[in-house]
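Undergrad: There's a structure below that I have some questions on.
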């Protein structure tokens, strides 16, 4: 289970052939057993919350005396007003619904079971009394009769706070909620400021409802554009990379030139007629321009040097994008991988939220300081919340890791199959089959490592939000630095995990061995990795921007001809957000395929040299890149040490294999 390996295992690792194995073995079985035990614990929490936490309390709600609305109740010992028959009182009504406890996230108000929610605002106690007489719904405490609402001295305490806002029952949960959302201005001030004018809110909502067909059509358009882009990006990758390179060079040169021009112009400007205060400001500006110009010059020089070193690696990025396009042609089911992952995540999140809601109704009835009933869990069971939260992170990461392993397995099968006509009928399903039969333990271990990093970061973010405005500058800086470091560590581990899954898909080794092997390959090809992760990621980002802009432009053109409403900002925002989400999901799969192809290519060039018996597995496009690199290395001769280093892993691998 540990990551340390013996010398013998290291020797076996060096002799191991990097290719898909026909006889695969189960990996990280102890971690699979641990994950299964953890899921059983999650199931126990769900069963416990459903069995001990009355579902009726969640759905129907309960009053401040422990009575569930809409049914007969049993008497609770030493608690007044408990055990009442609320068969005809199906809704929970709060005497002061706007009294919010932001720290504990609950309403600090007496809750009663009523027969109906007040649909109109009640300004006086007479209105409250009239509402009770007409609708048979008493809004004051059970101890006060409707006839006493206007005469009793206790009415101001036992009746709702005036004016009583108009409310409506929440669907399926039988709580009377105020219709006017300005009641919750304490935590929604920004929203209230924007929609305080009801006419604006109504126009926005009517715009969405009237244009729902257009919104749906534009969402489908973004989906189609994402699929088309994944196919054609291999044809435009070369042009796109060089356009970006030229624009970056021109932009850096132009920015540097403008800064030096401004510095020279301001330095030559006459200063005789300038007053001392303005002279000091001019000198400060001149000094700042000099610093900016020098910084821009240094940046431009460094940028040119990086491009000079990386120019050959950019060619590899273009070749990998071209091959990735072929992968999607041979493996079309890869396109639908985000759908299955999203569907699995949604199912789990729905289960998690429902269990959380049931968990909130568990426990036994306890009388608080105000004499009202609260349901609290005592003993070790009160820590189930933490277990449930850890389960949210670990299982979500597990589902995402399953997607990475599935994609890696399918792409590895494609790469290491010399004759593409001999590919399995459905490489994706074959990869899923291998994942379930052999590698669930590896996925569980990798996702658990990400969970270990994510939980401390979330705790620090929570502490930072709670101490906002209270901590000193030093503490705030330390907290933000720790959060940033953990975020960077999480991103690095995510990248290493993905490559470890690829190594597992190739060699059927456990997580730690695969991570070590993948890390060695990545270090040997550090410059190539940098080129792919910079140029490639930027290309994919531009693809996302292209899809969002195209969808947004189509939305503007269609919505502009819609005459039923005047405000179509919200529909356009919804469409653009959905377009970006769809583009991100699809192009992230493309990025994943490129990363897997790169690791396969690096392994292929390290352990094969194209000679008989050690032929390359790679595609013709990648073969052309290798041949061009070899020609460049030969032409460079002794003076081309930097170029020769490009294929150094290939040569060393060939000699050691």
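Note that Cβ sites are derived from N, Cα and C of the backbone, with glycine treated the same way.
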Undergrad: Which one of these stretches, 496-518, 565-587, 588-610, shows up in TrEMBL as transmembrane segment?
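TA: Going through 496-518, 565-587, 588-610 one by one, TrEMBL flags 565-587 as transmembrane segment.
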Undergrad: From the ranges 6-28, 29-51, grab the one TrEMBL calls transmembrane segment.
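TA: Transmembrane segment, as annotated by TrEMBL, spans 29-51.
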Undergrad: Among 342-365, 438-461, 462-485, 630-653, find the range that TrEMBL records as transmembrane segment.
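TA: In TrEMBL, the transmembrane segment feature sits at 342-365.
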Undergrad: Quickly jot the same-chain residues contacting the transmembrane segment (239-263) by Cβ under 8 Å, restricted to those at least six beyond its ends, or write none.
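TA: For the transmembrane segment (239-263), the nonlocal Cβ contacts are 286, 289-290, 292-293, 296-297, 299-300, 303-304, 307, 314, 317-318, 535, 538-539, 542.
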Undergrad: Six or more residues out from either end of the transmembrane segment (385-416), which same-chain residues have a Cβ under 8 Å from its Cβ atoms?
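TA: Residues 19-20, 35, 38-39, 41-42, 45, 327, 330-331, 334, 337-338, 340-341, 344-345, 348-349, 352, 355-356, 359, 423-424, 427-428, 430-432, 434-435, 439, 442-444, 446-448, 450-451, 454-455, 458, 497-498, 501-502, 504-506, 589, 592-593, 596-597, 600-601, 604, 617-618.
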Undergrad: Would you mind listing the long-range same-chain contacts of the transmembrane segment (314-335), meaning Cβ under 8 Å and 6+ residues beyond its ends?
TA: 227, 230-235, 237-238, 241, 245, 407, 410-411, 414, 420, 423, 426-429, 528, 531-532, 535-536, 539, 586, 589-590, 593-594, 597-598, 601, 619, 621-622, 624-625, 628
